[in-house]
C-alpha cells in the first residue's frame with residue numbers, strides 16, 4: 001500500500017499526474033486463479049436422464065434369443081438342411097447364454113452368478129447383487145427389458161416343446177430341450193441373485209413384472 005501510494009504521488013499509472021521515473025513495476029495478475037475446469041458434466045447429465053444407458057447391451061440381450069426363436073420358426077423357408085438349422089439355432093442359444101450370463105445381467109440389473117469348484121472338488125454357486133449405485137447404473141426401462149426377455153423366452157421354448165411332441169417332430173426335440181435348459185439356467189441364476197437368500201419365488205416373480213427395479 002505504501003508503494004502504491006508513493007507511486008500515485010509520483011504520477012504512476014492510475015494517477016492523473018504524468019508518469020515520472022522510479023515507478024514500481026505493475027504487479028502481474030494471474031488470470032488462471034480460481035478457475036474450475038469441469039469436463040464431462042454435460043455427458044454425465046445426459047447419461048443420468050437417458051432411459052436406456054446401455055443400448056448395446058440392451059440390444060444384444062434380446063437379439064440372440066429372439067433370433068433363435070425366429071430361426072426356429074422360419075428356418076424351413078430358407079434352408080432344407082436340418083443340420084444347418086440345428087447348428088445355427090444352437091449357436092444363437094449359446095451366444096445368448098454367454099452374453100446374458102457375463103455381460104447384460106451385470107450391466108442392466110447389476111446382478112452376476114457363476115459356479116466355482118473348491119479344492120475339495122465341491123461345486124459352489126455364487127450369486128451377487130450390486131449394492132453401490134453408480135452414474136452408469138441401470139434404469140427402470142433397462143431392468144424391465146432384461147426381466148421380460150429373461151422370463152418370456154423360456155416360456156416360448158416350453159410352448160415349442162409341447163408343439164414338437166404333439167406334432168411328432170421329434171427331430172427338433174433335442175434342440176428345444178437345449179433351448180429350455182440354457183435359458184432356464186440363466187433365469188434360475190438371476191432369480192437367486194434377486195432373491196438374496198429368500199425362498200418365496202412367486203412373490204419375487206410377480207414383483208419383477210410389476211416394478212422391475214434395478215438392485216441398489
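Using N, Cα and C of the backbone, Cβ positions are placed for all residues, glycine too.
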Checklist outcome for this item: Between the ranges 37-55, 56-74, TrEMBL assigns transmembrane segment to 56-74
Next on the checklist: Under 8 Å between C-beta atoms and at least six residues away from its ends: which parts of the chain pack against the transmembrane segment (56-74)?
Outcome noted: 85, 88-89, 92-93, 95-96, 99-100, 103-104, 107-108, 142, 145-146, 149, 153, 156-157, 160, 172, 175, 179, 183
